[in-house]
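Asker: My structure is below; once you've seen it, I'll send some questions.
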Amino acid sequence: MNFLRGVMGGQSAGPQHTEAETIQKLCDRVASSTLLDDRRNAVRALKSLSKKYRLEVGIQAMEHLIHVLQTDRSDSEIIGYALDTLYNIISNEEEEEVEENSTRQSEDLGSQFTEIFIKQQENVTLLLSLLEEFDFHVRWPGVKLLTSLLKQLGPQVQQIILVSPMGVSRLMDLLADSREVIRNDGVLLLQALTRSNGAIQKIVAFENAFERLLDIISEEGNSDGGIVVEDCLILLQNLLKNNNSNQNFFKEGSYIQRMKPWFEVGDENSGWSAQKVTNLHLMLQLVRVLVSPTNPPGATSSCQKAMFQCGLLQQLCTILMATGVPADILTETINTVSEVIRGCQVNQDYFASVNAPSNPPRPAIVVLLMSMVNERQPFVLRCAVLYCFQCFLYKNQKGQGEIVSTLLPSTIDATGNSVSAGQLLCGGLFSTDSLSNWCAAVALAHALQENATQKEQLLRVQLATSIGNPPVSLLQQCTNILSQGSKIQTRVGLLMLLCTWLSNCPIAVTHFLHNSANVPFLTGQIAENLGEEEQLVQGLCALLLGISIYFNDNSLESYMKEKLKQLIEKRIGKENFIEKLGFISKHELYSRASQKPQPNFPSPEYMIFDHEFTKLVKELEGVITKAIYKSSEEDKKEEEVKKTLEQHDNIVTHYKNMIREQDLQLEELRQQVSTLKCQNEQLQTAVTQQVSQIQQHKDQYNLLKIQLGKDNQHQGSYSEGAQMNGIQPEEIGRLREEIEELKRNQELLQSQLTEKDSMIENMKSSQTSGTNEQSSAIVSARDSEQVAELKQELATLKSQLNSQSVEITKLQTEKQELLQKTEAFAKSVEVQGETETIIATKTTDVEGRLSALLQETKELKNEIKALSEERTAIKEQLDSSNSTIAILQTEKDKLELEITDSKKEQDDLLVLLADQDQKILSLKNKLKDLGHPVEEEDELESGDQEDEDDESEDPGKDLDHI
């Protein structure tokens with residue numbers, strides 16, 4: 001308490017004593033009064049005094065106020081007064097207009113009161129429970145008090161909330177509050193809660209924070225919204241920055257797609273308010289958080305692809321090429337586009353296709369490079385363009401080739417109507433502005449990064465320096481400017497370009513050494529004792545000379561490795577050379593540039609090193625040091641071993657290619673076998689359908705035959721019923737003649753039916769052709785068996801190829817062992833003969849195994865040829881099956897035609913039978929008219945046989961009776 005009293009300093013005793021007594025009396029009322037109204041009025045009075053007499057109220061009343069929160073929860077009014085009073089005691093916001101010393105004292109006072117409050121963790125838990133109250137007068141001051149506690153002692157309060165049951169979940173409900181004041185202050189509370197605490201960030205994210213925050217941003221109008229949008233964006237950054245789990249959750253939840261409307265800035269005349277600029281700036285930063293180069297590569301790549309697929313990258317490029325965009329927004333947009341396309345081939349290709357809305361249209365890359373080499377543009381904008389160009393070329397060999405091609409003579413526009421990227425880079429490289437020199441040199445170096453092909457292509461570039469003089473190569477022009485003693489920034493940029501160009505490119509080293517003035521210039525620069533400003537240039541010259549030694553293929557007799565090392569030892573000294581080489585990594589700006597890919601410098605004079613170049617220095621510094629101290633014999637042995645290993649690599653690569661080709665051939669054969677199998681199945685299906693159709697025709701024929709038999713029986717019954725008793729002789733004679741005629745017709749019909757039966761029998765015999773179908777099915781089965789055999793043989797070939805791959809792996813392992821033994825040999829000269837014997841033995845062994853592999857490959861080719869012949873035979877068999885099926889189809893058509901004819905003839909027979917039935921019916925009617933009884937149809941059927949017998953015994957009996 002004494003410390004807290006001392007914070008406010010010495011003040012007049014009179015008033016302080018009076019206010020202290022008043023505060024004491026109010027505290028006594030709060031503690032001892034039994035009436036709720038008295039306690040409420042006392043707390044309200046303490047609230048009014050707490051802003052002016054913060055120390056006194058805090059010292060005397062804090063304990064009583066906490067007790068009120070515990071005991072009087074049923075009365076929201078007194079709880080609200082108590083929370084407001086505690087907020088006034090702990091918060092420092094009211095002290096902003098006080099002098100600086102007083103402000104510092106008040107901040108200490110707020111921290112002390114916060115420490116007293118959270119000393120009992122139950123107080124924070126109590127405050128969290130009060131936030132569940134929906135009453136505005138309780139929830140709002142509770143939110144403000146907890147926010148103030150987090151601002152004062154954030155980590156301690158975060159830990160208490162983290163271990164409290166449902167602590168974070170209670171706070172998440174604030175985002176769903178319908179009262180904007182509470183919702184907005186809830187966002188501020190979550191900002192303070194999630195700052196620098198990954199565990200709380202994960203809990204908040206999985207409590208559906210992303211969905212709620214994005215909804216608030218959308219409701220408030222996206223970038224056109226107010227400060228609430230700004231607060232939500234800051235909270236989103238807290239949740240996502242350096243938190244891989246939340247970033248992955250954000251991407252998988254498809255929240256990246258919801259960011260696209262943020263960048264629909266609309267009409268350029270709509271204006272850019274300060275709040276809109278701030279909001280858009282934070283939105284761009286949030287995109288960069290998701291694709292930051294410091295994130296895991298897999299997470300960054302997936303976010304980049306999602307941004308392209310949902311159209312976010314396209315929207316950013318629209319802002320990039322728009323007019324009227326504020327400078328800081330344009331700069332941040334360039335940086336954002338840079339990281340969205342960095343290392344992503346699809347995004348880089350799209351960016352290369354973007355054109356500026358000019359007449360004629362120009363590529364966006366060209367427009368940006370024009371800004372980079374223009375010294376009148378802001379420094380931060382030029383840095384952003386350089387970063388964008390670097391990201392466009394990062395791991396993009398296609399883009400590197402396109403940039404270098406604009407420098408080659410065959411692609412330069414002779415009319416001069418358009419400016420290419422290469423022309424702009426050359427213009428910047430040889431400009432009078434040192435910053436343009438440095439930017440152009442670094443940009444061109446990135447076009448050569450890890451791309452030996454483009455390094456060789458760039459050697460073809462010729463520059464016309466002046467009228468009447470022959471053209472000069474770009475490499476020579478760079479060394480000429482370097483030797484003219486220009487500004488340090490220019491020389492550093494050119495030296496970085498030359499080091500990048502010559503590394504891993506012996507042809508470029510040869511071109512560089514071919515100019516006799518280059519080596520003396522470098523040795524002279526290194527040997528001189530210059531000031532601290534020139535030490536960096538000396539270190540870069542030493543690095544360039546070391547690269548010329550390490551990547552030298554000894555094609556120039558006057559500048560072979562050994563001669564260059566002797567020159568260094570004679571003119572510079574090896575120790576001095578290594579010391580100068582170490583100046584690079586010891587420079588204060590080297591470590592700053594090595595941290596991040598983005599060229600972020602406070603001012604132009606700090607723009608010295610490039611991030612990718614620092615990686616090159618780290619890679620080459622050690623090997624150059626070793627190369628300087630190596631003897632000529634060690635170099636020769638190392639070269640021989642390298643050549644041997646290269647030969648082995650070439651042989652292994654050759655056989656890998658052969659095996660790859662064989663794999664392709666086998667895959668083609670598999671596809672062909674699969675195709676033949678499908679065709680065979682189709683043919684079998686067709687044959688089955690034909691057999692079923694023929695069976696249907698047979699069934700139809702049998703049915704027709706049965707129907708014809710029934711019709712004949714019915715006709716016989718009618719004819720026999722015509723023999724009646726009691727008919728006149730002339731009538732009987734006439735009837736007999738008619739019956740005879742009907743019999744003749746019946747015999748004629750019977751003969752026709754017999755012919756039809758014979759025809760149908762022929763049809764039955766023709767159905768024996770179905771055996772051909774069975775034979776075709778047998779052929780198909782044989783085809784299936786042959787296909788299975790082919791599959792088995794292909795599997796055997798595949799296993800043989802796998803064994804060859806294992807052999808090649810063994811060869812690679814032995815090659816690695818050879819390399820290790822060679823390095824061991826380089827360290828120990830005494831075992832020279834033994835090492836050479838081992839290498840020769842291993843080489844012979846490798847060649848023997850490779851010969852065996854070649855023989856096996858030849859056998860595989862023969863087997864593949866045999867498979868091709870078998871496939872041809874299968875195809876011929878399938879063709880014969882097709883012809884058989886065609887014959888079956890023809891015979892089936894003939895059968896169908898004959899069956900149709902037989903149906904027509906049967907219809908004619910039925911018509912004749914109907915006529916006969918009509919005649920018989922008329923005869924029966926005549927007999928009835930004559931008075932002779934006529935038997936019914938059933939009686940006739942039952943007595944057919946008896947009537948036939950009577951007629952045969954006494955044909956004249958009926959006449960006698962009459």
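Each Cβ is built from the backbone N, Cα and C atoms, and glycine gets one as well.
Checked Swiss-Prot, it gives:
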- 638-930: coiled coil (COILED)
- 935-953: compositional bias 'Acidic residues' (COMPBIAS)
- Ser50: phosphoserine (MOD_RES)
- Lys202: N6-acetyllysine (MOD_RES)
- Ser942: phosphoserine (MOD_RES)
- Ser952: phosphoserine (MOD_RES)
- 1-637: region 'Globular head' (REGION)
- 763-783: region 'Disordered' (REGION)
- 926-962: region 'Disordered' (REGION)
- 20-60: repeat 'ARM 1' (REPEAT)
- 61-121: repeat 'ARM 2' (REPEAT)
- 123-163: repeat 'ARM 3' (REPEAT)
- 166-207: repeat 'ARM 4' (REPEAT)
- 208-253: repeat 'ARM 5' (REPEAT)
- 255-310: repeat 'ARM 6' (REPEAT)
- 311-354: repeat 'ARM 7' (REPEAT)
- 363-408: repeat 'ARM 8' (REPEAT)
- 420-459: repeat 'ARM 9' (REPEAT)
- 473-513: repeat 'ARM 10' (REPEAT)
- 518-571: repeat 'ARM 11' (REPEAT)
- 573-630: repeat 'ARM 12' (REPEAT)
Asker: Based on Cβ atoms within 10 Å, give me the single least packed residue among the modified residues Ser50, Lys202.
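Answerer: The modified residues Ser50, Lys202 were compared, and Lys202 has the fewest Cβ atoms within 10 Å.
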Asker: Can you work out which residues elsewhere in the same chain, 6+ from the ends of the repeat 'ARM 4' (166-207), have a Cβ less than 8 Å from its Cβ atoms?
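Answerer: Residues 125, 128-129, 131-132, 136, 139-140, 143-144, 146-147, 150-151, 154-155, 158, 160, 213, 216, 228, 231-232, 234-235, 238-239, 242-243, 245-246, 249-250 contact the repeat 'ARM 4' (166-207) from elsewhere in the chain.
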Asker: Sort out for me which stretch, of 123-163, 363-408, 420-459, 518-571, 573-630, has the most Cβ pairs below 8 angstroms to the repeat 'ARM 6' (255-310).
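Answerer: Stretch with maximum Cβ contacts: 573-630.
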Asker: What is the average pLDDT across the repeat 'ARM 11' (518-571)?
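Answerer: Averaging the confidence scores along the repeat 'ARM 11' (518-571) gives 91.
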Asker: Cα distance, Ser50 (phosphoserine) to the residue listed as 'N6-acetyllysine', nearest Å?
Answerer: 38
Asker: Using DSSP, tally how many residues of the repeat 'ARM 1' (20-60) sit in helix, strand and coil.
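Answerer: Counting residues per DSSP class in the repeat 'ARM 1' (20-60), I get 35 helix, 0 strand, 6 coil.
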Asker: Taking residues 6+ outside the repeat 'ARM 9' (420-459), which of them lie with a CB under 8 Å of any CB in it?
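Answerer: Sequence-distant neighbours of the repeat 'ARM 9' (420-459): 363, 365-366, 369-370, 372-375, 379, 382, 386, 389-390, 393-394, 397, 400-401, 403-408, 411-413, 473-475, 477-478, 481, 486-487, 489-490, 492-494, 496-497, 500-501, 504-505, 507-508, 511, 599, 604, 607, 610, 612-613.
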Asker: Under 8 Å between C-beta atoms and at least six residues away from its ends: which parts of the chain pack against the repeat 'ARM 3' (123-163)?
Answerer: 66, 69-70, 73, 76-77, 79-80, 83-84, 86-87, 90-93, 110-111, 114-115, 117, 170-171, 173-174, 177, 179, 181-182, 185-186, 188-189, 192-193, 195-197, 199-200, 203
Asker: Is it possible to list how many residues within the repeat 'ARM 5' (208-253) are helical, extended or coil according to DSSP?
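Answerer: DSSP composition of the repeat 'ARM 5' (208-253): 37 helix, 0 strand, 9 coil.
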Asker: DSSP helix, strand and coil counts for the repeat 'ARM 4' (166-207)?
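Answerer: Its residues divide into 34 helix, 0 strand, 8 coil.
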Asker: Tell me the residue counts in helix, strand and coil for the repeat 'ARM 10' (473-513), as DSSP assigns them.
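Answerer: For that range the per-state counts are 33 helix, 1 strand, 7 coil.
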